[in-house]
Protein chains: 4
Amino acid sequence: MSSTSGRLFRVTTFGESHGVGVGCIVDGCPPRLELDVAAVQADLDRRRPGQSRLVTQRQEADRVEILSGVAMEEEGDAVTLGTPIAMLVRNADQRPGAYGHMSDVYRPSHADYTYDAKYGVQAASGGGRASARETVGRVAAAGIARQLLAQGAGIEVLGWVSSVGDITAEVDPDRVTLADVEAGPTRCPDPEAAARIEAAINAARRDGDSLGGAVTCVARGVPAGLGDPVFDKLDATLATACMSLPAAKGFEVGSGFAGTTMTGRTHNDPFVPGADGRPDVAANRSGGIQGGISNGAPVICRVAFKPTATIGSVQDTVNRGNEAVKLAAKGRHDPCVLPRAVPLVEAAMLLCLADAWLAQRAVDVL
Amino acid sequence: MSSTSGRLFRVTTFGESHGVGVGCIVDGCPPRLELDVAAVQADLDRRRPGQSRLVTQRQEADRVEILSGVAMEEEGDAVTLGTPIAMLVRNADQRPGAYGHMSDVYRPSHADYTYDAKYGVQAASGGGRASARETVGRVAAAGIARQLLAQGAGIEVLGWVSSVGDITAEVDPDRVTLADVEAGPTRCPDPEAAARIEAAINAARRDGDSLGGAVTCVARGVPAGLGDPVFDKLDATLATACMSLPAAKGFEVGSGFAGTTMTGRTHNDPFVPGADGRPDVAANRSGGIQGGISNGAPVICRVAFKPTATIGSVQDTVNRGNEAVKLAAKGRHDPCVLPRAVPLVEAAMLLCLADAWLAQRAVDVL
Amino acid sequence: MSSTSGRLFRVTTFGESHGVGVGCIVDGCPPRLELDVAAVQADLDRRRPGQSRLVTQRQEADRVEILSGVAMEEEGDAVTLGTPIAMLVRNADQRPGAYGHMSDVYRPSHADYTYDAKYGVQAASGGGRASARETVGRVAAAGIARQLLAQGAGIEVLGWVSSVGDITAEVDPDRVTLADVEAGPTRCPDPEAAARIEAAINAARRDGDSLGGAVTCVARGVPAGLGDPVFDKLDATLATACMSLPAAKGFEVGSGFAGTTMTGRTHNDPFVPGADGRPDVAANRSGGIQGGISNGAPVICRVAFKPTATIGSVQDTVNRGNEAVKLAAKGRHDPCVLPRAVPLVEAAMLLCLADAWLAQRAVDVL
Amino acid sequence: MSSTSGRLFRVTTFGESHGVGVGCIVDGCPPRLELDVAAVQADLDRRRPGQSRLVTQRQEADRVEILSGVAMEEEGDAVTLGTPIAMLVRNADQRPGAYGHMSDVYRPSHADYTYDAKYGVQAASGGGRASARETVGRVAAAGIARQLLAQGAGIEVLGWVSSVGDITAEVDPDRVTLADVEAGPTRCPDPEAAARIEAAINAARRDGDSLGGAVTCVARGVPAGLGDPVFDKLDATLATACMSLPAAKGFEVGSGFAGTTMTGRTHNDPFVPGADGRPDVAANRSGGIQGGISNGAPVICRVAFKPTATIGSVQDTVNRGNEAVKLAAKGRHDPCVLPRAVPLVEAAMLLCLADAWLAQRAVDVL
């Protein structure tokens, strides 16, 4: 435990890269949602490895199979039944005989050692659930949440790469579109920054090194009133969802760490009369959340991802016998996870919002 | 909902500043803990407002009353029974007749508007549960967690002010002591930075402005293996606990956002043979957590707090009728919450660790 | 753990008879409920011991204090804020110095031994949380649930004593009223049976013996659709709520155990066209629940309570040293808990229904 | 929601009979459990329909596929990894095109109407999750719990048919064995009663009628101290687990409803000095549980199952348009679910005990 997240839109994920498959159960998805299964698959395709160019290169791998909870109406059309939706994506290269043959070397900044310390059993791939492959289940679940939020509440969630190394993008969170994000392989919608990021990633690959960066994510159309005080503050649930992503090291909402160097006079969000009879904020330094509850402005957060731990250099480490050893350089590796992290951050935000939106239905009853 | 946190060491808080009192129930504290009630009170005293100098100025306010779950042995000595520990701190200045008389002006960057949007009922003090007074319950609960972790696992948690505005402290997380932190009113253990912070806070007070900053917190003595994969990763639960604190805008663990500008080659934590037969890390850029599980190194996180929203200037805002109004300057305010935020971040970490430590007892059973 | 019940209408209780007090936190009660505090107190008064005649004999003991979550409007009127409602009832005869002085004899059919086996610490009153005093918190919480269900859904819950020993009452669950139940000290609304029960209880008291029996409880006005498949079936949540009551040994819904001796042909509930355009049931052997979900008919359950374990005879038992000892006869005891169990069973049903009713609001959203 | 059960040994089930398959995720199973996959399959085989004689007639249907959480060592041997164990059993006769073609007639005493009232969407098979097919997931999960309890705690769980209609078996819960239970198709270990039950079932089948009955289940080797006060009392969690089974209408522990007609003097469980230095009970009318906590004696419960709702007679009912209609007689049906209910009740008890046993590890820590 615990592989379950959410109170009402509840997601439980399973699977590791060396097993039969990965997936999830979504419990609490409302009935009568018109579900576009192809759109769920498209969300999954965005997180797949091996995409040098996006969208176009769809391979047949990572096909989601919906096991329960929906009724298929006609070709491609489905409707949710209100019952648990189980989804399975089989692993292409599972090797059931691989157990016991893993290296006993703890890779630096990986979870090999901590999984061993915790579980005392050596699975085929070290920190199995720490693998990015676990996120398949979350992205599939979020593909359903995305459709629920769009149909039920008119909420749209969109993420992008906002920095890689010290290259920072200029993006208007109120206007950026999915097409902007998906225009290039970096998922950075600032073309000038995108070009520099692409070059930096290629250089890191050639050098056997790796890069980190940040993903920014916005939810537009969020009604005021979502999120609960104290432990289920909307920013608190967003934080745990984002920090549970592989390689995440930091989270901020609105002005975040930069806001700590402002003063109250410049940082405060003045309210102004809104066109719909409800207050607007002039600036949105609160990131759409005040006291843990949405205020109707776009919800904005940013997540830091460390440089990929797998690199093309020899590294010092120890083995299970606590002996100093050398870890050989890896020939091929993914030098920067940022582009693939975009759908993961979106998934985190989608799942939080779906849960908060449903929870508010049980608050506003009298 | 949800005012409950934790799976095994479960804390439920209650109360707002305009009611009778605040407090909590701790459910799941193991039996037979020798409980020093005075130490719980001392933790509460650290979060109280109105301390110009620390420790010395104990007023009789905010006295915790333990309602259940412990047996008193002799004067001051108590033992936990394994049953829920309820604690109550009465509000000194409750005004039960105040309902209906609050201003209908939404204070900028406060939770007045969002609480109104969520609940549609106007309580005396706007965003009642968003008030810092709610944290009394958490700090009281954490006072118990602190003793459990010390007695049961030898874990020590210590926080300090690491920055205010653009003033940053130099602190060695492996060696800093409680005495260092409590040496001055800023709770910044770097004397040179502390002096500048004190001056900056005084200047902000005179100017009717306010300042933000960051608290860093370390847990030393954490055994390897705490934290669970996926949604209960130790850093994910720390993130939600910290981001649920009033005024928190960002969270990071280990290298955090700064790590995003490093490369994998410089960022990775090389393992080295440890003296106890288990691997150590040469650097601790992972902040003691890898794959969401503790690795035996000190767990380190940092939390960003925005500048206090209450300031001594006239501000533009709107009222409940969506009309533009002026909000008068506040005569007295707390220009910087950072010193008082230290025990809150410690409380967040203590509650997470108590829960994770208990959870591991139910993992390591065969 | 776990002293918390419910998913949306969440109740956490605390306290034991030897401590300062007992009570609860209700988290998730919707805002804007007009709360009649006197009615909550009246529910509590019904469960109090020492009532030889009901209603009239109100002592000042067991006064509930609401600590948070409501705003008082005028004398006696209150409105819920949506935030946690904490309630406290102080123990009149707490003896904080009593620790360590309890007898080391395990009373038969009490929880002294099991608490000792579980917790290994000897509290003043043996199985403290197994005491009926714990139910104060539940009854107080249910007093709020009762008003929520009445105002929000038109649901009414009513229980009565349906048997004591081998005396069984004839009661029409569709027509029985609160006045019928409260007409006499037995809370049995069948006057003929009530007279026999009263005589039997008096005889048992004189004889130093005790009696068991059953409480039946009905909820009228429950809309179809409440309850969730599988682990949150309405009858399953009712079962756990009822079986968590002190001295409860059995639970049944609808035809219950008696239905096992019928055949399908006679047991089935034929549907008939209902006046409101929805199907009715001709019989209600399902007890208002089919597949775990309410069908619009009255929900009916029955709970078995064992004879009071405290009796006026010398009993054989053992002490903490595993030595055979005699337990002296108790001079005064309550020879039959059934009348006081009525509000407890009502509380169980009220809390279940409040939770299920709120949960359905988060299902029926598209 | 909620298809999840348990706090530490957490089981989430999915699937309905008209979908692709059924199964579960077990989250929180400790690592390093030597898992006999064939034994899990054998547990599943016991719940399968179509067994006229037990054990022998294994068809290839209902084969469980373990998708994650275990490492296969050699042929048939497996070890748990501590990560979620997902299991899938495909439906043999899924008809994805069947949606929309179901009858619009509400079958009496089935969940067709209540599912429609709750979800407002017409799935292929009416109350899909109310189908006995959902229990595949629970039985698979319990197959793992059984091995955990055996290896970790020496606990054994065994159920049997204790009554069908008015035929009641005489069984010694301390001595009955699995071989006794599986000796005949009725799963009633009292040969004389078994013969009468078999005849009664055959008669009901010929008559187009159906029978109900009760299953008794015992757990032997349960250490004292399992179960938690109040809402997680061991009997309360057993009650919800059992009452969540299809067709369950009643639950009792120990003396149950029969105990209500005894007096305290005859009902109480006198303690006697135990051979192991801990108290024994002379009688076990508490059913191994006192104050919600196990006392070391065998835990015994009994569950009532109503007569099968599907019968071979024409029945009166209504359709979705609230019109009176006749429901045709069903040609073939299962006239008594009791023999197949035995592994379901065992599963309920196994899951409760696994959870309670793990929870106690997090209590007994100081």
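Every residue gets a Cβ built from N, Cα and C, even glycine.
Now, the feature entries from TrEMBL:
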BINDING   D:R47, D:R53  NADP(+) binding site
BINDING   D:R129, D:A130, D:S131, D:G291, D:K306, D:P307, D:T308, D:A309, D:T310, D:R332  FMN binding site
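Feature annotations (TrEMBL) mapped to structure.
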{"residue": "D:R47", "record": "NADP(+) binding site", "Cβ neighbours (10 Å)": "24"}
{"residue": "D:R129", "record": "FMN binding site", "Cβ neighbours (10 Å)": "32"}
{"residue": "D:S131", "record": "FMN binding site", "Cβ neighbours (10 Å)": "21"}
{"residue": "D:K306", "record": "FMN binding site", "Cβ neighbours (10 Å)": "27"}
{"residue": "D:T308", "record": "FMN binding site", "Cβ neighbours (10 Å)": "23"}
{"residue": "D:T310", "record": "FMN binding site", "Cβ neighbours (10 Å)": "20"}
Cα-Cα distance linking D:T310 (FMN binding site) and D:R47 (NADP(+) binding site), given in Å to the nearest integer: 19
Binding-site residues among D:R47, D:R129, D:T308 whose Cβ lies under 8 Å from any chain A Cβ: D:R129
D:S131 (FMN binding site) in three-state DSSP notation: coil
D:R47 (NADP(+) binding site): secondary structure state under DSSP, collapsed to three categories: helix
